[in-house]
Amino acid sequence: MVNTHVNLPGLDLKNPVMPASGTFGFGDVPAAQKFDLNDLGAMVIKTTTPHATTGNPQPQIAILEDGVLNSVGLTNPGVDQVISEKLTKLRHQYIDLPIMASVGGDSEDDYVEVAKKLSASGLVNALEINVSCPNVAQGGMSFGVHAGVVEELTKKIKMAVALPIYVKLTPNVTDIVEIAKAAESGGADGISMINTVLGMRIDVKTRKPLLGHNMGGLSGEAVKPIAIRMISQVRQVTQLPIIGMGGISTAQDVIEFILAGANAVAVGSAHFEDELAAKHIAENLPAELEKLGIEDINDLVGQVKFN
């Protein structure tokens, strides 16, 4: 029997697969209603801000040959409504499922306010601090690119809440290792990486960008080598748990990310091809591990053999 159980701060995962933040909304999108979320290791909810936000102009999503470009923005009803309606319903339906809430904001005070309210609700097991979303003009982008700011923000949130916090890193930086170290210095319990890579595509007939917001975040197959490289670099400087993401669409991808240094993974863009991608990946994982003669998935963490 292959062991796929992974124990991370605040998150006791029956398997290392979860949806990336935003993928399944607050557990209320059609795909999330089509299967039992208990089949996954955890549920990660959409980024929550202090007040309701409407997101970016349409079109918000462009499906590319090898990935997805999105500028959805942090559309959510605000933290109070997320707790009273969305999370209460999700927790009622899934009493034992580990739930991670994603925290966003325009200022340090925003982040602290949202984190405190989510922590105090008793409805979630861990917080993911979204310092990296490249979609919103006044949003998290600026926080995630400066090591000093990341450290300070992490410290403030850590002092304000009892829950474990995972800082979600943006790849749109000069040195990802420096930012990861800053998160660790600030007291992060773990790291999520990578968020989307800032990009743009243009329609040659109209000469207009494909997205209403012009630029957006690239995810999917195209960013996988970037994600694997960055996770590997960060794993070499920290023992913090890493939740890896960026182009995962198969159980084999999961193994590759774990070899690079991830402890668990999040699946996002693969759901555009297969709305039950995370479920299918989790189901296929034991057989893939068995093929490789692996008895415990935890034994693979960071075990890449460099040339």
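Cβ from N, Cα, C; glycine included.
Some features that Swiss-Prot has for this protein:
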BINDING   Ser21, Lys46, Thr47, Asn130, Lys168, Ile194, Gly220, Gly246, Gly247, Gly268, Ser269  FMN binding site
BINDING   Lys46, Asn70, Ser71, Val72, Gly73, Leu74, Asn130, Asn195, Thr196  substrate binding site
ACT_SITE  Cys133  active site, nucleophile
Among Ser71, Gly73, Asn130, Thr196, these being the binding-site residues, pick the one whose CA is nearest to that of Thr47 (FMN binding site).
-> Asn130
Compile a sequence-ordered list of residues in the same chain as Lys46 (substrate binding site), six or more apart from it, whose Cβ lies below 8 A from its Cβ; state 'none' when nothing qualifies.
-> Ser21, Gly22, Gly25, Phe26, Leu74, Thr75, Asn76, Ser102
Report, in whole Å, the straight Cα-to-Cα distance of Lys168 (FMN binding site) from Asn130 (substrate binding site).
-> 5
Least Cβ-crowded entry, counting other Cβ within 10 Å, from the binding-site residues listed as Gly73, Gly220, Gly247 | Gly73
Ser269 (FMN binding site) and Gly73 (substrate binding site), distance between Cα atoms, whole Å = 16
Please state whether DSSP places Gly220 (FMN binding site) in a helix, a strand or coil.
-> coil
Do you know offhand how many angstrom separate Lys168 (FMN binding site) and Thr196 (substrate binding site) by C-alpha?
-> 11
Thr196 (substrate binding site) versus Gly247 (FMN binding site) - Cα distance in angstrom | 10
